[in-house]
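Colleague: Structure provided below as structure tokens; questions to follow.
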Amino acid sequence: MAALAQLPPLPPQFKSIQHHLRTAQEHDKRDPVVAYYCRLYAMQTGMKIDSKTPECRKFLSKLMDQLEALKKQLGDNEAITQEIVGSAHLENYALKMFLYADNEDRAGRFHKNMIKSFYTASLLIDVITVFGELTDENVKHRKYARWKATYIHNCLKNGETPQAGPVGIEEDNDVEENEDAGAAPLPTQPPRPSSSAYDPGSVPSSSFTGIQIPPGAHAPANTPAEVPSSAGVTSNTIQPTPQTVPAIDPALFSTVSQADVRLTPEDFARAQKYCKYAGSALQYEDVSTAVQNLQKALKLLTTGRE
């Protein structure tokens with residue numbers, strides 16, 4: 001991808017979007033779609049904050065130039081041309097970040113990459129608002145991820161051992177003011193969790209009961225599995241990571257729609273959205289998420305209910 005023109009210094013008024021812009025820069029090569037929507041979010045938010053003072057207008061003008069250049073480069077990408085695909089792409093990517101950090105946290109592996117992943121997940125959930133209001137689940141994920149990033153960062157900074165897994169959220173923690181929590185580089189190849197990385201039975205009860213975290217070790221997208229070494233044999237084959245596929249409801253094998261089902265345009269739109277989510281999940285080889293979304297679509301189309 002061609003290099004983008006450099007932005008002028010960030011005006012003080014735009015401090016709240018500085019981490020979103022940093023995340024965009026970090027993803028220019030890694031995932032240009034994510035980079036595009038991070039800039040779009042920054043642009044929309046900046047316009048609401050201050051679009052009149054000269055330094056802000058100049059900054060927003062240059063940011064608009066970057067957006068137009070990115071859109072031209074990604075013009076044939078469905079995640080740019082179709083909002084429903086873009087929303088699914090961004091939401092799945094944010095969830096990957098969140099689940100990677102959550103699994104590291106539950107296993108008691110506290111490090112800068114994990115903190116960075118929690119914080120980046122919260123920023124990307126901010127970015128999802130360019131498509132409309134967040135779901136309740138995403139609001140809870142964002143709140144939990146942002147708090148966890150600050151909590152673990154402060155513990156490590158003070159030489160304390162963080163409590164692993166879900167714990168109660170301290171409402172007065174403001175991660176936006178924490179410049180260091182999101183300063184670590186993004187994990188490009190996080191350490192693979194051990195077989196004991198996640199044991200649902202060992203997770204302590206939490207006062208933060210609104211989040212349902214699926215089991216399994218999920219690393220951010222484009223993270224290849226490690227290649228096991230073989231004695232005297234050189235192999236370039238990447239071994240797939242074992243995945244837990246959710247059980248399929250036998251009732252869904254009957255694909256004949258009930259006679260009294262009347263599907264609304266909204267039902268068709270939701271079913272299409274689930275299918276797009278499934279397609280986006282398969283880009284990351286996430287079979288479990290793909291199956292779950294396809295099941296939701298099939299149930300909706302055959303019963304009219306979710």
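Each residue, glycine too, has its Cβ placed from N, Cα and C.
Pulled these features from TrEMBL for this protein:
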COMPBIAS  169-180  compositional bias 'Acidic residues'
COMPBIAS  231-244  compositional bias 'Polar residues'
DOMAIN    16-158  domain 'Vta1/callose synthase N-terminal'
DOMAIN    265-302  domain 'Vta1 C-terminal'
REGION    160-245  region 'Disordered'
Colleague: Please spell out the DSSP helix, strand and coil residue counts for the domain 'Vta1 C-terminal' (265-302).
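Modeller: Its residues divide into 35 helix, 0 strand, 3 coil.
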Colleague: Summarise the domain 'Vta1/callose synthase N-terminal' (16-158) as counts of helix, strand and coil residues per DSSP.
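Modeller: DSSP composition of the domain 'Vta1/callose synthase N-terminal' (16-158): 119 helix, 0 strand, 24 coil.
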